[in-house]
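Worksheet for the structure shown next.
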Amino acid sequence: MTTSQYDDPNDADASSSRKYHDKELFVTGHSGTTILEILLLCLVIPVGLVLYHKLHGRYGYGDTNYFRRRHVKIEAGSTVGRLQWWWAMKGRKIILEFVTLVMPMLIVQTSLLPYIIGPLGLLAGMLTLALSIPSGANHDKQQQQQEQQQLDHRQIEEKKNHHRHRPAFLSIHRACVYLLTTIAILAVDFPIFPRRYCKTEVSGYGWMDLGAASFIIIAGWTSALSTSPTNTSRATTTNIGRLARKAIMKCGPLLLIGLIRLATNKGLEYQEHVSEYGVHWNFFFTLCLVEGSAVVWKGLKAQFSRTTTRQLPLDFMLAMFIMVPYQIFLSYYGGQEFIEDGSRRCNAESYGNIIPAWVISKHSFLCNIFVANREGILGVLGYMSLCLFSEAIARRCLLPIHVSFDHSDERTLLSNHQQYRLSFTSVSLWIVHLILTAGLNIPTSRRSTNASFILWALSHNVSLLSLIYTVTARTTTTENEMNQAHPLLEAINRYGLAVFLSSNILTGLINLTFDTLHTPDGRAVIILTVYLMLVCGFAILLDAERNEDVDKPSKAG
């Protein structure tokens, strides 16, 4: 057996290189799992919501008289006082959310549960527990009225500006996607995380493949709602200069974050999955380009809406215009092979028959950048079409029918007709995905972000959203209750980017502190649980500070 540079235990540099090499191998070369198992894992969200609402309904909301009964005086302007009051109002809900939603999301992403049978058993146990809890009044009418009075002014503002807010069930979906991704980005570095859940190397269905795609889908959904016909708060500009400035303001922070991540990854020699986005690319660069393009497209659509094209499905048309040629390139012009097997260096020997000789000779730097990051750069086309398809789906399935400001107990929810649209869209997407994979033999490839991958990501997320809507529509009675029943998810949803960045920072720190490759399962679960507590606590802290003028106790109390 030959000796490599990694085999000298007395050499610190060699030991560091060996650790880097081992971690890189640990997260690469995987072929994924099945669609069924991934759907099964996501069922912890709707089932967890059922359990949460049964416990929530049985044992109480939050105690608004907590301080009054204990004669605790709080200085209205103090940070500690605001946090104490906020915790008394929402603490019980947060604990319930963490136990019934967050922890099951963690458990299903570990090898603690046997294949298929384990998640099924967990879901059956959670559902059985939920069904065994008798329904009952959880608080008297007087306390209910006190809670309503405390939140009256927030409700009025929310109703007046309802068009600015996404539906509660969509917020739940968004927050849960953040949580699932937050768990996966750290858990993948531990042996307790099943390797079949890792990102796929070439093609297949990986649990972690859905993370970036789900972020883009959610961005498309929220974009469609923010520019809906009922949203007249902000007119979309059609001036080219203003559109350019708005696009720069939108994607500038994402570009900065991407550059910082690139610098830290290279500087700290953090393990990288090169086949994910390329040598230098990362998801923040992709999100930057997709978001910037979306801003420009909104302005162009506003211009088109003044003409006879108003009723045309412009989002769908542009998505097809991008996706169809891209898939033809992948399937018939060597694009898929180029992405999977191409060299990371631009030279005539490798690409002489694809790239013109003058490009290779006169623009070698740009050519090298392109081939080194081909997954990320070409993947932008797939993600742009995914965002546009998502907007088209949102306009068809998620737009509210009416908004009423007359009575506080009225809510804007999807009608039964729109619920059927969600279900019909989900089934239709799965059928199209089946046609692409089984009929046209287009394998699902996260690496190339091809048509099959886009259809799978859409099918999965629309199906999950439909289940979440079904649960929330049957476990709440008012729109305010839907929005106020999930303080932890609400906080994560509101500060999603900050939460995601904090989870990335903590992931890096934990990897630098612990030898994750050789961490026992029990210790890994403890580390992951504490990590989730810190991430959730950060979101709660941000939300508590924001609500200083909403949940502030009166001076008379």
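The backbone N, Cα and C atoms fix where each Cβ goes, and this holds for glycine too.
Unlike curated records, TrEMBL annotations are generated automatically.
Keep in mind that what you see is a predicted model, and the values were worked out from it rather than measured.
Sequence annotations record features per position, and here TrEMBL assigns transmembrane segment to 34-52 (among others).
The transmembrane segment annotation in TrEMBL covers 94-110 (among others).
Residues annotated as transmembrane segment in TrEMBL: 116-133 (among others).
Proximity of distant same-chain residues to the transmembrane segment (175-193), defined by a Cβ-Cβ separation under 8 Å and at least 6 residues beyond the stretch ends, is recorded for 23, 26-27, 42, 45, 101-102, 105-106, 109-112, 207-208, 211, 214-215, 218, 468, 486, 488-490, 492-493, 496, 499-500, 503-504, 506-507, 510-511, 516-519, 521, 524-525, 527-528, 531-532, 535. For 175-193 (among others), the entry in TrEMBL reads transmembrane segment.
According to TrEMBL, the transmembrane segment annotation covers 205-226 (among others).
The transmembrane segment feature in TrEMBL is assigned to 247-263 (among others).
Residues or ranges marked as transmembrane segment by TrEMBL: 283-300 (among others). Nonlocal intrachain contacts for the transmembrane segment (283-300), taken as residues 6+ away from its ends with a CB within less than 8 angstroms of a stretch CB, comprise 212, 215-216, 219-220, 223, 227, 236-240, 242-244, 246-248, 250-251, 254-255, 257-258, 261, 277, 318, 376, 379-380, 383-384, 387-388.
Note on the transmembrane segment (312-333): residues 224, 297, 301, 304, 339, 378, 381-382, 384-386, 388-389, 391-392, 395, 442, 448, 450-451, 454 of its chain, located 6 or more positions outside it, place their CB under 8 angstroms from a CB of the stretch. Sequence annotations record features per position, and here TrEMBL assigns transmembrane segment to 312-333 (among others).
Look at TrEMBL and you will find 422-441 (among others) tagged as transmembrane segment.
Taken from TrEMBL, the feature transmembrane segment applies to 453-472 (among others). Same-chain residues lying 6 or more positions outside the transmembrane segment (453-472) and placing a CB less than 8 Å from one of its CB atoms are 35, 38-39, 42-43, 45-46, 49-50, 53, 168-170, 172-173, 176, 205, 209-210, 213-214, 217-218, 323, 382, 385-386, 389-390, 393, 397, 414, 419, 422-423, 425-426, 429-430, 432-433, 436, 444-446, 482.
Under the heading transmembrane segment, TrEMBL lists 492-512 (among others).
According to TrEMBL, the transmembrane segment annotation covers 524-542 (among others).
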Chain residues in Cβ proximity to the transmembrane segment (205-226) (below 8 Å; excluding those fewer than six residues from its ends, i.e. six or more beyond): 30, 32-35, 38, 41, 109, 164, 166-167, 170, 173-174, 177, 180-181, 184-185, 188, 196-199, 283, 286-287, 290-291, 294, 298, 315, 383, 386-395, 398-399, 444, 446, 453-454, 456-458, 460-461
Dominant neighbour of the transmembrane segment (116-133) in 94-110, 422-441, 492-512, 524-542, by Cβ pairs under 8 Å: 94-110
Stretch with greatest number of CB pairs under 8 Å, the transmembrane segment (94-110) reference, 34-52, 247-263, 524-542 candidates: 34-52
Outside the transmembrane segment (524-542), six or more residues from its ends: residues with CB under 8 Å to it: 83, 94, 98, 102-103, 106, 110, 112, 182-183, 186-187, 190-192, 487-488, 491-492, 494-495, 498-499, 502-503, 506-507, 510, 514, 516
